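Notes for the one structure printed next.
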């Protein structure tokens, strides 16, 4: 029972991280109609920046804030130099160009930080276990990820649904010419949205960094999970991304935690430990396949454009 | 009267809260040219799309040649002999005119899971294409890419493609749309020829053309049939006059 | 009559001739490296040509083509590991498994269009990658060494460099010829028609997805053959060979050469892999140049090499 609570929290935490990544991806896609494979590279850069700045400043909070700013700036620069020329182009062109950027970022990181991974140590105040209900302890850091990610999700929702800029973002998604006609600088709006997406990816990367190693290619597997999420949730839909991210995070985590034991009840121990990891990785894709068969547009399709 | 070739009964299709097709019933008998008119937004294209299967009705039935086709996908309806032309030209832009028509002939000449022989060298497909092109007066434009044809020629090609599927019933969605005066006249002359061979349902804004061609006219307003009859009856129908004049939808001629 | 002698056709003919004579050059100069390099290039060219069939002619932007390289390769590797060395068994199994995989994921993926399709094929290929990583009996993540290349009852010796090269080249030319026949056939006309305007093709009586799916399966099967060749070439197979970046590289080769031109992917593969080779001699960090180069090509050189040659031909 305790294990189940803990693993469910882990699943929630992973799901929320996935949401941060998927939210940026789906915003950029929904609004600029732009497929950005390099989104995973921004996630990776967030983690590398954090590891570097925390080491420099000797302060976890300061380092993380600096890293967040750096990822935001990097995203804006990237949009300004290269990506804005790809808006309105074929999706294939966008996929190939941003694929080129992934190659670039991976080698750039290898050149700057070396091929070995980095680690991002946690400050002591984040390593203590917290008692969430009597008798159940949960690591403070993972708990803080959940809190931060939920806060960001709520903020994002308020910004997109309740503010003027959010209204522009939603309007820009449905009618670009109209926004232009209103005299709003659409280029600036797009740059801002892209920067926001980059910052969200960077945040996800740097929060994940203390749990996993900071390494080259860390953004790639998780990017594909984010793609799966926005396909399940419906492209362009923040709400869909949120639901699907939690769902995928849970399935992934619980599958890894309990599937081996579950399989052992029907298979030999050796066979179970072979099959379990592959099967739990496959569960998500299986889920996606089922969603596609039943609802090809995703579970929560955004309004038709 | 003969058994209807096409029988539509109580067809309903709504988008959101709006009923684009509202409990609509309609018969088309073999050999007639049946025009469907109505003000903008009356649901004419929605109706055609349901007849050909691009759109599925919410309820109601469609029978074609005695067979229920309400739920069949469009490719199967085409096989039964139902062909359409599109209001907005809908061709294969990077193929030649002849290729467009030959593909239509190919679709009705057995299956196309043939992987080896060159399709462009199949004599009978090319002949069928050439014949259909000649029918609409495009014989000499056979090897021109569709994207390089004029708008009027593309409308004619739409017709040739529909003809090449050897239809029993031809559904024409505003074949005159966007045509100039001489082009329109050519199209009317062409339709006069075609109606001798095939049953036609014609959706058209050009009233002059409609009254010149139609055996029967059905008037749609807000997805409902408000009148159906021969051209004279329609001309003198009070409700039709109100629908056209009273609602300020003055549709005289869009030619 | 249109003249068939133009820059494009001359270059294609020269490249084909060059590929055919390459072993002679290698033997004369004693340059074995170039033969090894071009064996790899020829195999990837076959994979790229198969991808071009669905991308260029079918309009299906598959981002998961590396999966077939892996499936074809693992079929050879696993059978060899289990003591079945005959290519007469290994290769048909490789093709059949690739076809089966293509059939299943194609049937699911083709329910979607556009960018959904790109992502779905990508995700399924990743699934295949994870399955391969889970095959602990066959090396898991570390991969599987193939100690003996496929045997063909003495007909051909795959361990002989020249013989193996010519086998690969024959597969490439055979594959391109097959694709040429297909795209001009009734089937090919339908597939290209569906790419051009699906609604129109449905309206004149074609069940579009059925043709798309068959095309998808043919493409996957040809790529499975490339996978079987590749496993024999490297004597090794691992999940890394079917990682999603490999699928991306295949797409790049197709686009480099010119999507929807018959020989374009072959030229694209030669250019891409030679560039990679040359750049990596200058610097360990060759992707620092290749990445931005790719971006520039996408931005400024539409139609790839074949498009460029076509413009040259028209003068």
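Cβ atoms are placed via backbone N, Cα and C, with glycine included.
Annotation source TrEMBL lists transmembrane segment at C:36-54, C:66-84, C:90-108, C:115-132, C:164-183, C:211-230, C:250-275, C:287-309.
Three or more CB pairs closer than 8 A are found between the transmembrane segment (C:115-132) and the transmembrane segment (C:66-84), so contact between the two stretches is assigned (pairs 6 or more residues apart). The transmembrane segment (C:164-183) and the transmembrane segment (C:66-84) are not in contact, since fewer than 3 Cβ pairs between them lie under 8 Å (pairs 6 or more apart in sequence). Of the candidate ranges C:66-84, C:90-108, C:211-230, C:250-275, C:287-309, C:250-275 has the most C-beta pairs within less than 8 angstroms of the transmembrane segment (C:36-54). Outside the transmembrane segment (C:66-84), and at least 6 residues removed from its termini, the chain residues within Cβ reach (under 8 Å) are 47, 50, 90-91, 93-95, 97-98, 101-102, 124-125, 128-129, 132, 135, 138, 144, 146-148, 150, 220-221, 223-232, 236-237, 239, 241-244, 246-247, 250.
The transmembrane segment (C:250-275) makes no contact with the transmembrane segment (C:211-230): fewer than 3 of their CB pairs lie within 8 A, with pairs spaced 6 or more apart in sequence. Long-range contacts of the transmembrane segment (C:287-309) within the same chain, counting only residues at least 6 positions beyond its ends with a Cβ under 8 Å from a Cβ of the stretch, are 7-8, 11, 252, 255-259, 261, 263-264, 267-268, 271, 275-276, 279.
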